[in-house]
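J.: Let me begin by handing over the structure; questions about it come next.
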Amino acid sequence: QTSVHDRVETRLSNTYKEAAISITITTLTDVLAFYIGLMTPFRSVRSFCLYTSTSILFCYIYSITFFGAFLVLNGRRENSNKHWLTCKEVPEECPVGQSKWYELCCVGGAYDPHTGTEEVQPMNHFFKKYYGPFLTKSWTKVFVIVLYCIYLIISIYGCFQIQEGIDLRNLAADDSYVVKYYDNEKAYFSEYGPNIMVVIRREFPYWDEKYMSDLETCIEDFKNLSFIEKDIFTSWIKSYKYYGYHTKLNLSTEDVFKDNLDRFLRFYSDFKQDVNFTNNSIYASRFFIQTVNISTALDEMNMLNKLRETAQKCPVPLLVYHPAFIYHDQYAVIVSNTIQNIAVTTAVMLLISLLLIPNPLCSLWVTFSIASVIVGVTGFMALWDVNLDTISMIILVVCIGFSVDFSAHISYAFVSNKKPSANEKAVEALFNLGYPILQGAVSTILGVVVLSASKNYIFRTFFKIMFLVIFFGLFHGLTFIPVFLTFFDICSGTPAKNTSGPEEQAMRNHTNNIQVNSKDCELKEREIYDNHNFQPDDHRICQSQPCPAIWMITGNNHNHVQDNHMCVASTIPMFRVD
């Protein structure tokens, strides 16, 4: 967007002036979002956040160093009018008789001679001439508000439908035999849950009737739980006592108990792994209880909590364990950790926005956009059959970082441009950044869309959540945020004070006396805007009147025209050129 005839240093400084703040905002928010993810107790999430934040940080460093250096080299090539591929000088105008292909490939690049910048892309014109004006119409704003309310209602409903926990079959590929195993287990053995190991963690006097009475009480407490099958109980100590009864052994004395334990374990080898009997001491042992009717993640969470509470109350030092507990453990902290990460990160996003966006209210809109996207992603994630687990938690952290990008760019462009009204600021922001934001969103979705066909649940989940993040972020950046910003004039800045000079004041007073039809005036303004021609101050204009050093716009007011040029006194000053 800089002038192609400016010095390379000037072009680069103008480029960084416009772009550096925006990419600094988004880099800081992304990096901090991921570093905040290090607070989670899940090591897999911490590893992911550490690697991702560091890679984004290096990407930012390369963007403001290496990429700028390549822009300089390319700008010098342009100044020398050298070919983009061969770096040999090429003609500025296409020689007569050459084909269109020759003009495209072997002639200097085209630019807009009026502005001195690269030709505006058709999509930019679409945002300025069609989409922006359409979006700022009153009835369109009402429709956008209604659409946002529908989006919010569906999202909140989805948040209440979200399921916690990961299905173990989802950790394997779709065509793995593990999936069939878990499917068959669910189909034919769903009545029975995990067989829970209850460990006596330290040395314990199994021969002492008083201590054994305490242990028996604890076992009864476990059996009385609603999800425990009382008749399925596996215990080496129970079998050992039965063995002692039939062999006439007095197991209430320590020596007899220990002397015969080895023989018992040889005869009943199934219990060998249940007792750590070393150097004539029992360091630990275990027994098993059977759970039933554990079918949902909520059942698993309740089972885990009840078992641990029962073990905690027992005077005997007990530990409950099952290999699946590594997955059930996340239920206790997944929701609280997700909410904590989202809340802390959103607060940090607000702080960064306040520091870097020169308007507090617009910073609040950026934070609002982050929260809105997170609610939408969480709600629609649940409706798309994605559970809240460590996998989706990782990608939700990504969501926080990426969701700020769209709204931060648009908000900064809105408050930093010089248009007088909020609607014009919104159109100008969409004109400058609408197409780049659209490009970024589409390229990101294209980058992850291949994962949608994966046989692995983790990759498909990554695609689903990333798609929702980018889609909702894009919709907020190009639709919701521009409309919401126009409702608050404070975001468009304070009205400019009257600092015009005497010539401009005289012209303004003169034009106030001209009474024209409002519709004709609007058509003329549009004609002037679309078909303007600039005349330099050394051109001969209205010989009978002095002319200040102002470039004027030619018009068709025949009452004040001499030699097809408009007199200064009859002209409304559109802008002045220093």
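Even glycines carry a Cβ here, placed using N, Cα and C.
Annotations per TrEMBL:
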{"type": "DOMAIN", "residues": "1-73", "note": "domain 'SSD'"}
{"type": "TRANSMEM", "residues": "20-38", "note": "transmembrane segment"}
{"type": "TRANSMEM", "residues": "50-73", "note": "transmembrane segment"}
{"type": "TRANSMEM", "residues": "142-160", "note": "transmembrane segment"}
{"type": "TRANSMEM", "residues": "331-357", "note": "transmembrane segment"}
{"type": "TRANSMEM", "residues": "363-384", "note": "transmembrane segment"}
{"type": "TRANSMEM", "residues": "391-415", "note": "transmembrane segment"}
{"type": "TRANSMEM", "residues": "435-453", "note": "transmembrane segment"}
{"type": "TRANSMEM", "residues": "465-488", "note": "transmembrane segment"}
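I'm curious about the neighbourhood of these features; can you describe it?
T.: Taking Cβ pairs closer than 8 Å, the transmembrane segment (331-357) reaches residues 21, 24-25, 28-29, 32-33, 36-37, 39-42, 164-165, 297, 300-301, 304-305, 363-364, 366-367, 370-371, 374, 388-390, 393, 396-397, 400-401, 404, 408, 411-412, 415 in its own chain, all 6 or more past its ends.
Long-range contacts of the transmembrane segment (465-488) within its own chain (CB-CB distance under 8 A, at least 6 residues past either end) are made by residues 132, 135-136, 140-141, 144-145, 147-148, 361-362, 365, 369, 372-373, 376-377, 380-381, 384, 386, 392, 395-396, 398-399, 402-403, 405-407, 409-411, 414, 422-423, 425-426, 429-430, 434, 437-438, 441, 444-445, 448-449, 452.
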J.: Would you mind listing the long-range same-chain contacts of the transmembrane segment (142-160), meaning Cβ under 8 Å and 6+ residues beyond its ends?
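T.: Distal contacts: 135, 372, 375-376, 378-383, 479-480, 483.
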J.: Counting Cβ pairs closer than 8 Å, which of 50-73, 363-384, 391-415, 435-453 has the most of them with the transmembrane segment (20-38)?
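T.: Out of the listed stretches, 391-415 contacts the transmembrane segment (20-38) most.
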